[in-house]
Structure formats: structure tokens, C-alpha cells
Amino acid sequence: MVAFGFLFALAAASSTLAHPIHHHQDRDLRIVGSSMSTVWKRQAVPGSEFSVLVDGNKAFKDSTDSALLKKLADEGQAPPFMFIGCSDSRVSEGTVFQAKPGTLFTERNIANQFQPTDPNAQAVLSYAVAELGVQHVIVMGHYGCGGIAAAIASPPASSVDAANGAVQAWIEPIREQLRTSTRTEIVELREKIKGRTDVEEPEISDPGFRALVEENVKAGVSRIAANSVIVNHYATLAGVKASERRDDHAPLGDVFIHGWVYDIENGEVRDLGISVGPPGKAIPAPPFAAVAKAAEKTTVSHEAPKAEPVQSVEARCQEQCKTKRSFLPRDH
Ligand SMILES: [Zn+2]
């Protein structure tokens, strides 16, 4: 067994060395989202390739309230939102929402997945809920997602290098969803590509592709709602009197989980109508237009909306920031 393991490791290492990552040389080497997320011929950037970042940072500094930056630096963060989004460069949460610093505590990965076996996502959720006291956890997918497109396309025919192997492993839960979903558009897509080994990434307008983007968000919301961090938080909330909520030591506020989808073609954010919250609590409706078709298929209860304004970053800082200067655990 040990010998086999050694041989396997040796083979993997030599394969990686023999096939370094040259994205375009091997037709069999499928890179995630190669048609959906990637433009091989980049536009030439005038001057330094970094100038776009330098200029952007200058514009950000010039337009951002320096007092807010100082306050956040001095008192710490108390973001109202935790955000899980795709790593795609077109869907940055700071860009899409023009969010000020201190607004969104974020985790991004290929195809905005939440897996309880992913220690990064688990740590972000734990810290966001138990320490930062976020009020809303948002999972946001996007149409045209390269990770979802790659999960629809046939897997590479030949062995893959280490980098693409990691991508293929990461998108496997989405392939599983494609294999098992009962949603009409996805069933039709599955039938269309059944038995084929040459499936290309779909067009952005493909109904099955769009449905799988939405179903992947729903899966993320469901996994978060079932996660021990949320289950324990809701259980604790249920046993705590209202008068004891949100003291300075333990942020025991209501936490709601939402599923949204972003349209990279027109910049719109839409609500999938799958929000969940603590048992018995009315769920504040996200003020985004609904994706009607996706909402029809929801299996998660969505209770009547209730007006509950989100506190400003500044107001929340008054309550909580003093104990949340950094990512280090607080003294208890
Ligand atoms: Zn994506």
C-alpha cells in the first residue's frame, strides 16, 4: 500500500512536471470556464499593466470618506452582511453593490459554493455569525458562471494537471446536481447531453445553464441553513429573552440567509425567493426583483416580509465594533 502510494505520488509529480500549466497547448486540457470566464487575448492596457489598479485606488481614496476609514480602523468592523460569491472578476461584491468598507464580510470561490467540508467557508461563516454578528448571509450566483459551465461540459478526456484536477474536484458537487436535479430545464439539459463525451460549455442564455446557476445558489442556502453554526445560533436565540439580545459580549441577533443571482449582461441583482430565518421569525424581503421561475420551484419556506431596516455601519459600530478590532478571538 505504501509502495503503491509512493508510486502514485511519483507518477502524479512527474505528470505535473511533464505537463506544466500551458493553458492553450493541449486541446484535452479543459480549464474551468474557458469560454465563459476567460478572454485569452487581453486588451492592451496603456502604460503599466498596474495603472488600472493604481488609478482605481486613487479614485477610491479620493471618493471615500476618510472619517469612515479611520473609524473602522480604530473601532473595528461590524458588517451587516456576510457574502458568498463567485471568484469571477466580473462579479466583485464591492463593484456590484458599490459597497463602502465595512459592509460585506466576504468569501468568494469558483461558482460561489458553500460546502461544510471547506474549512475556509466554515471559518468565514462561524466568524461572521458568532463574532461579527452579521444580520444577513447572502449567497449570490451569476448567470454565465464559468464554474457552472465547466460542470455542464464533458470532463477532460485525458489526465489533467494538478491545477485543473483541483478545479474538477471543486465543481464535482455541481456535476452531481446536474445529474440529480428534478427541475424541468435541468432535466431537459441532461437529456440533451446524455451519453455524450464532447459537450461544450453552454451559451449564457441556455435555460438549463441558467437554472443550474440558480439551483446551485439554492443548494448553498440550504447547506448554510443546515450548518451547525446556524442551527446552534437559532437554538441559542430561541432560548434567549429579547431583552438579553445583542449585548456587547455576544452578538445574538437574528440571522437571515438569502439566495440571489446576478446578471453579468445587465448588472441586475435578483432575489431567488428562498430566504430563511430563525423559526417563527418573519423574514425581511430583500428589495430586489424576484426571479419568478426560480421562486416557483423553491422548497424553502419564505415567510411574509416584515419591514426591518438594516442598521448603518456607523450605528452598528456604536454597539459592537469596540470588541471586534481584528480576527483574533475576543476574551471571554
Ligand atoms: Zn462564476
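Each residue, glycine too, has its Cβ placed from N, Cα and C.
Copied over from TrEMBL, here are the features:
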BINDING   CYS86, ASP88, HIS142, CYS145  Zn(2+) binding site
SIGNAL    1-18  signal peptide
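Residue density at HIS142 (Zn(2+) binding site): 25 other Cβ atoms are found within 10 A of its Cβ, drawing on all protein chains shown. Cβ-based crowding with a 10 Å cutoff singles out CYS145 as the top-ranked of the binding-site residues ASP88, CYS145. The Cβ centroid of CYS86, ASP88, HIS142, CYS145 marks the Zn(2+) site; residues of that chain outside this set whose Cβ lies within 8 Å of it are SER37, GLY85, SER87, ARG90, VAL91, ALA111, ASN112, GLY141, GLY144, GLY146, GLY147, ILE148, VAL213, TYR262, ILE264, given in sequence order.
HIS142 (Zn(2+) binding site) carries a strand DSSP state (E or B). The secondary structure of CYS86 (Zn(2+) binding site), as reduced to three states from DSSP, is extended strand.
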